[in-house]
Amino acid sequence: MYRSHNCGELNATHINKEVTLAGWVQKSRDKGFMNWVDLRDRYGITQLMFDESRSDKTVFELAKTLGREFVIQVKGTVIEREAKNKNISTGEIEILVTQMTILNSSLTPPFTIEDETDGGEDIRMKYRYLDIRRNPVKNSLLFRHKVAMEVRKYLSDLDFCEVETPYLIKSTPEGARDFVVPSRMNEGQFYALPQSPQTFKQLLMVGGMDKYFQIVKCFRDEDLRADRQPEFTQIDCEMAFVEQEDILNIFEGLTRHLLKELKGIEVEKFPRMTYNHAMKTYGNDKPDIRFGMEFGELNEYAKHKDFPVFNAAELVVAIAVPGVGEYSRKEIDALIEWVKRPQVGASGMVYVKCNEDGTYKSSVDKFYDQGDLSHWAKTTGAKAGDMIFVLSGPADKTRAQLSALRMELATRLGLRNPAEFAPLWVVDFPLLEFDEESGRYHAMHHPFTSPKPEDMHLLETDPKSVRANAYDMVLNGNEIGGGSIRIHDKNTQALMFKYLGFTEEEAKNQFGFLMDAFQFGAPPHGGLAFGLDRLVAILGGQETIRDFIAFPKNNSGRDVMIDAPSIIDDSQLKELHIQLDLK
């Protein structure tokens, strides 16, 4: 037995008890006649004492050779600690060591294994196994485990069954790029790694497994944006014989359960917002509703004056920012430069200061009088001491720019409190979106999403107006889950493929197995998938998902610890009948 207790459980009730501990040397303090060592494991830190007058001489001298991160086993007696440490659970005691074995030595770590480390992100990624020893990373992984356990418990109590689906599947060109896997046994043919278990969970519904879930790895070979991973984890769920309301209620319940059990927070019924309302009011389909700054459209009061910029714009839209009416011209100019960056893309910005005396001062006073500006303030909800920022241009583009500004200002003003949780449902998404590059419609979610029955007649005449039986759960400005009611009959699915530009042959080749299954009594069904990595990070109060993943990739999709991806041997390529063309 390497240990009788862990390094986080001993206290004053164990005084005079003989114990065995094992762990890593955090640090040591040599006072000549006495030596203290902090021993660390996953559970905490226990102080060891080596006393020249009470410890075996060999053990005492051996303690002087210990370096950081040495792995040791000690035996000794629990004694009361003279200088108590209230910051750790074992701070009332220490161990008078009688025996010690060095289980393994260690090189000096390339960064300090402390809560606040001197290691940059790159070096910590390279030595991730050392980074995991640090409390922030370790605690993040333990928190992820708790979330996963609560999910499994909640869904299992509702008779959901966890079923594993295949990782080696068929490639489908629709959507993001697949990671492909060559098949040695089937020359010239390839598997794909799943972007989601979508079709398999639908087939499970056809198979009668009416409540399915899975915590599953998914893969997308796409250009990585900040804080994205090529492999990610979903809480994937599907149910048969349900309508949209059933799914919203169950998974709202799951989220409320997680908030209560893990954060001690009771949340009221989630508000619901249509996609169109979210886009018009917040400029995106995942609004952060922890704070206000809702959009006010100013076309009625800003156009048809003498200001050519607004007159030429499709949309003039603004937000009122609380408490920044005293911003200096330098601060305002810096914000204008911020929105003009390529990442945002605005051509400029108009501002209006709402003075305490009820008057207004703007950058366009030449064109608009106090009455006009009063209408702007009323439309945006601006009060004395606030400032109104106005953007103009093409409607969709301008809303996106103002949304970026809204989020940036909220961050600067401390309005995005990570300890506050504001969930909502966004519903009634468009079924289709038009892609200018390809010149055809694409499914906004995926090709298996059911249109709202009352909009079916619009598919031929006005496809962009067809709404989907689709829904997203949004938490603090992040989409943490999304799903839909699925198409469950062959004819409707064939019609959907047609509107998405598939030929009959293409549809049959890619999804014939699903179409065939629909001919054998497919039940009405629908589902949802949560992004576990993002959900855990938000519940854990962090901006980045990386610390909640044991071995993440960097922003280039590389694992710098194991140096992957890597070149494979020519013999392997030959065996797979693959010839590289890297010109």
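Glycine residues also receive a Cβ, built from the backbone N, Cα and C atoms like all the rest.
Swiss-Prot names ARG220, ASP221, GLU222, GLN229, GLY531, LEU532, ASP533, ARG534 for binding ATP. Of GLU268, GLU479, GLU575, the residue it gives for the same site is GLU479. Checking the ranges 134-137, 198-201, 486-489, 502-505 against Swiss-Prot, the region 'Aspartate' annotation falls on 198-201.
ARG220 (L-aspartate binding site) is 16 Å away from ARG534 (ATP binding site) when you measure Cα to Cα. For the binding-site residues HIS445, GLU479, ARG486, LEU532, ARG534, the greatest number of Cβ atoms within 10 Å around a candidate Cβ is found at LEU532. In the three-state DSSP classification, GLU479 (ATP binding site) falls within a strand.
Shown for the region 'Aspartate' (198-201): DSSP residue counts in helix, strand and coil, namely 4 helix, 0 strand, 0 coil. Spatially, by CA atoms, the binding-site residues ARG220, HIS445, ARG486 include one closest to LEU532 (ATP binding site), and that is ARG220.
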